[in-house]
């Protein structure tokens with residue numbers, strides 16, 4: 001049996017395991033720096049050290065999630081005997097043929113490899129957080145635009161509803177929304193049916209308002225959107241995709257829907273506020289005086305000019321969603337016990353903090369660095385988009 | 001002004017009714033009731049038995065009626081068994097049904113009975129809210145002054161070294177949710193095997209094994225610096241970063257305003273400009289933020305109380321939710337919603353008072 | 001202290017060869033180069049130039065307040081003989097506010113919204129003279145009375161937002177006067193105000209300047225205002241002083257081609273769109289980092305000589321025979337400054353055709369809630385009262401009035417963005433008063449279009465110029481294919497004299513004037529017959545104004561368009577309109593042909609308005625009529641005649657009729673309408689406000 005690794009060699013070995021990530025990161029940075037003047041706002045990230053740091057951190061985790069299968073040293077679910085709560089760098093007690101000889105960051109309470117679980121955890125988070133944020137944005141935008149632009153009763157109603165959701169303490173909402181019992185009642189599916197239809201509505205109105213003057217083009221775009229949108233919709237919301245391409249695990253659907261539900265009102269508020277500001281501009285009046293429909297003005301005259309703050313909020317909100325997913329995991333809501341997601345790993349690890357802190361501390365740092373990266377990226381974007 | 005407050009209170013009551021109804025509906029979903037029946041009566045009941053148990057215990061009617069009863073605006077249910085005894089929502093066991101009140105809900109002070117703690121919910125709430133009150137008080141005492149100071153200092157001279165250092169600190173803490181900072185703080189300060197405790201213990205500087213205890217259970221009886229430092233800091237850290245960033249943004253914006261230029265060119269010194277001209281305008285936005293932080297603080301409280309095993313409001317909520325204790329969960333929700341709405345109201349009114357521009361407009 | 005040694009016969013402010021640059025991450029941007037000027041005690045010096053010429057930078061440099069990126073890179077600024085450029089913060093602090101004070105462009109933004117007026121005023125003597133709080137407040141009260149504000153006791157206890165724009169500016173002036181400074185810097189102090197309010201402020205500034213013997217550095221883009229206020233002026237172009245001297249000498253004997261071009265591009269009395277059109281300065285203002293070699297004005301100058309004007313930097317040379325009159329032109333002695341305008345193209349007056357737009361008794365009322373929090377009693381704002389007029393094909397009808405007069409509401413109702421409360425709008429042969437724009441058919445919409453005021457707002461910043469014009473064509477159902485529309489879009493760019501390459505540009509790459517041209521092209525995309533132009537040039541620099549006005553006139557002649565020209569600027573209205581309608585608080589107070597309106601008999605409001613407009617011509621003698629107070633709020637209009645609160649003729653109407661009854665519309669000869677109670681003999685006795693002295 002070998003000796004345990006020193007901290008120096010642990011880090012070296014981790015760095016070596018992450019080789020594909022480094023390669024991808026260097027390639028991304030090299031290419032982006034090369035062409036940064038031609039890449040618009042994205043290119044400008046590379047003018048700001050803060051933005052660049054944030055972007056680097058975020059991309060590190062993105063690439064880690066993509067290449068996770070190559071990076072992990074052990075099956076994240078495998079329990080190896082003798083490795084329970086073992087310290088970082090410990091050699092395997094009973095190495096099988098060809099297995100990686102160490103638990104680089106130690107073992108957890110069920111003798112699983114903390115390092116591999118942390119890597120796979122990145123994939124769990126990045127599978128849900130960006131997608132959920134995108135849907136939340138579609139919902140928030142589709143409701144926020146008319147509320148801000150048209151105002152009146154519509155605005156009062158939607159604003160009241162969104163304030164309802166915002167007034168709910170998030171944890172209470174999760175405890176009510178993400179339980180096995182609730183799945184039986186079908187409420188998540190109803191919510192999914194409501195929330196998931198918004199992207200389809202959004203895209204249909206988007207194309208229709210722009211291309212209704214040339215029906216051929218309009219029919220093509222709207223038709224394609226409806227075809228693919230409703231196909232994906234049937235699969236994701238109702239698990240009824242005839243071809244079986246789109247589907248979502250009911251557990252995951254529950255989590256996903258709740259996170260979208262919690263995030264949408266925030267997006268709604270921001271969009272509404274920005275629309276109320278932008279709608280007083282003369283180019284909006286110009287659109288009105290040439291007889292444009294309200295949706296064209298909202299989607300093509302107002303929305304593109306609100307993009308700066310929305311992109312910044314998008315980054316922040318992915319971070320917030322990551323925190324929410326962690327919270328869910330921390331309370332053991334909507335996750336299977338063996339799931340490697342960071343929140344539940346922290347939850348199981350925290351009980352043994354006094355004797356073996358590493359199973360909880362490792363995912364804690366992982367989560368923090370991802371959120372920090374997103375916040376820094378948002379800060380950099382905000383700074384750069386204000387310079388003009 | 002009065003009209004404004006009345007209108008806000010009207011909207012608040014409407015919101016409270018809507019929210020409590022949602023909570024009531026969600027906690028009284030058929031699967032939850034079924035679980036309740038099985039845990040109260042017998043685990044091996046079949047579906048018919050469950051249905052009849054629910055019927056006999058007042059869970060039969062429509063959800064609106066039951067919400068009304070719970071709230072205390074509808075007469076409580078009464079049932080006469082085959083053996084002639086009359087039971088009902090408002091009839092305590094062994095008392096005369098005729099003498100019982102017709103209404104007994106939230107409004108009459110009847111918050112129900114906790115199935116987990118085996119006590120009336122009001123008692124459970126009183127105890128746990130007291131505990132949480134102390135926690136929140138200390139969090140506020142730590143969080144508000146330090147975050148405002150941080151924000152003002154870094155926003156005063158945008159781009160300076162102080163600003164960079166403080167902003168980095170603030171952005172890091174906002175990226176650290178309570179369950180992460182709590183874990184890191186415990187590992188660092190309260191673990192016998194990691195962090196600084198082993199070093200201190202070896203050097204003989206601390207008597208116990210760890211610098212701070214890993215739980216705050218003892219603070220239930222006696223709050224000391226040692227048992228309260230970690231939970232308070234865990235909640236406060238996130239808030240400090242968040243409020244400091246808001247204050248900084250507000251302060252930097254104010255510092256670029258023309259009236260600051262006016263003041264400078266009147267010959268007012270920099271320190272005086274900050275104190276007399278900038279501060280009041282810069283603090284309007286953070287004030288609302290602090291107030292609107294309450295929903296999030298509530299989250300922090302739940303996480304921290306769970307993490308440090310401090311039996312306050314958050315811990316109670318988790319216990320109630322995890323054990324299908326419907327009455328307690330409902331009561332917790334009412335309190336949570338109430339706290340959130342009241343702080344929103346205070347924030348609105350405070351905004352009007354802080355900002356002379358919209359007062360009596 | 002060194003200022004005791006200062007000799008009062010020496011200049012109070014001496015700027016020598018001042019250069020200022022701003023430093024960005026990419027490059028150094030020189031904002032002011034080699035700038036010199038001298039202000040003697042009691043003298044008022046004007047700094048004139050278009051936006052971006054560096055005049056405000058000079059002012060802030062005197063205050064040593066250039067922000068993080070700005071730096072003085074050369075030269076000196078001597079105030080009472082002491083060089084400000086190498087003073088430390090503490091010395092500067094003692095001078096700011098006590099010896100040199102500044103008045104700003106936007107009074108609302110310049111006052112602290114969370115401090116009482118009195119506290120903001122009292123601060124100055126408390127800092128500089130160590131005065132006690134009571135004394136300082138007493139002084140504040142006295143100065144507030146000095147700047148002619150009513151009810152000073154109430155005002156010093158008010159917050160800035162409780163005052164009107166004109167009152168706020170008086171407070172800013174009061175603040176500057178609190179410690180009797182030796183030098184007052186005024187940075188466009190009236191730009192944000194209405195003309196009649198501006199006239200009051202200008203009067204005040206002049207009087208106070210005399211009363212306290214304060215020297216002034218007066219920064220403005222308005223030559224007329226400088227003539228009113230200043231003794232000397234300095235014309236700036238692209239970071240340099242190009243001409244300086246006595247106001248009269250520079251105005252009457254200009255010796256720099258830019259000054260000359262500037263005067264030719266502003267509508268002075270006598271200019272006429274057909275007989276004596278304005279001459280726009282060709283080309284564009286150079287960007288600070290793209291300045292040409294040699295004379296900065298060279299590329300746009302009529303007298304430019306290749307190889308000479310662009311050979312080396314040009315220095316200021318004195319103009320012989322004048323008092324401290326200097327010019328930065330190599331050819332100042334060669335040019336024949338009195339040569340008449342060469343190629344002024346004279347055009348025929350357009351024929352006026354049939355009636356295309358007819359308004360009959362149009363009313364537009366809004367109901368607004370009483371307070372910011374809702375609740376309270378709803379009030380009715382009468383934005384437009386009984387509008388009746390008609391406009392004919394090919395005609396220019398000007399709608400004149402200050403803020404709150406209802407001209408923008410009228411435009412909205414006409415365009416269909418709002419519907420009328422009562423009355424009729426007849427557009428071509430259709431009643432449209434109750435048809436919101438969604439219900440109008442494409443034909444009607446495309447025939448009635450609008451040009452907007454703010455060039456920075458009129459184009460969607462995230463769409464290319466070409467795309468925006470094509471979108472208008474799509475909406476107006478022009479052409480059958482994308483190619484046809486593309487071709488038409490390029491033609492439209494030709495029409496507004498923009499290069500075709502601009503089709504692919506984003507709006508931020510265009511200058512203000514160019515954006516305004518795109519806005520015009522877009523309005524004419526569907527062959528508009530009636531165009532509402534809402535202050536289309538008021539946000540542009542004077543030299544660009546002429547070009548854009550010219551373009552509008554050109555297109556109008558070609559298409560026989562009816563132009564409804566909304567403006568507050570009477571000079572430009574006199575220049576281009578056929579008929580004029582004057583509005584005040586929602587009422588049309590006077591209407592008639594341009595000659596009728598600009599000559600007596602006037603409506604008293606028109607009279608005051610005419611008197612208030614500064615005119616940059618030394619030959620013009622004006623009767624000074626300064627209106628008391630501010631424009632009443634449209635939410636709470638005075639009873640009777642809307643103008644009665646400020647009217648100087650009110651006493652000439654018997655029986656207090658003005659305060660009880662809205663005057664009837666009276667028809668004078670030639671279709672000239674006036675809404676006034678004044679008896680005929682009084683009207684007939686009115687003198688012209690503007691007289692041009694015989695040369």
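Using N, Cα and C of the backbone, Cβ positions are placed for all residues, glycine too.
Unlike curated records, TrEMBL annotations are generated automatically.
The shown structure was predicted, so the numbers you read here are calculated from the model rather than taken from an experiment.
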Residues flagged as transmembrane segment in TrEMBL, choosing from A:219-240, A:285-306: A:219-240
Residues from the same chain, set at least six apart from the ends of the transmembrane segment (A:184-207), whose C-beta lies under 8 A from its own: 134-135, 138-139, 141-142, 177, 218, 221-222, 225-226, 229-230, 233, 236-238, 250, 253-254, 256-258, 260-261, 264, 295, 299
Closest-packing stretch to the transmembrane segment (A:252-271), where packing means Cβ pairs under 8 Å, from A:52-72, A:219-240, A:314-335, A:355-378: A:314-335
Contact check, the transmembrane segment (A:355-378) vs the transmembrane segment (A:128-151), 3+ Cβ pairs under 8 Å, seq sep 6+: no
Result, the transmembrane segment (A:219-240) in contact with the transmembrane segment (A:128-151) (3+ CB pairs under 8 Å): no
Contact between the transmembrane segment (A:158-178) and the transmembrane segment (A:6-31) (3 or more Cβ pairs under 8 Å, separation 6+): no
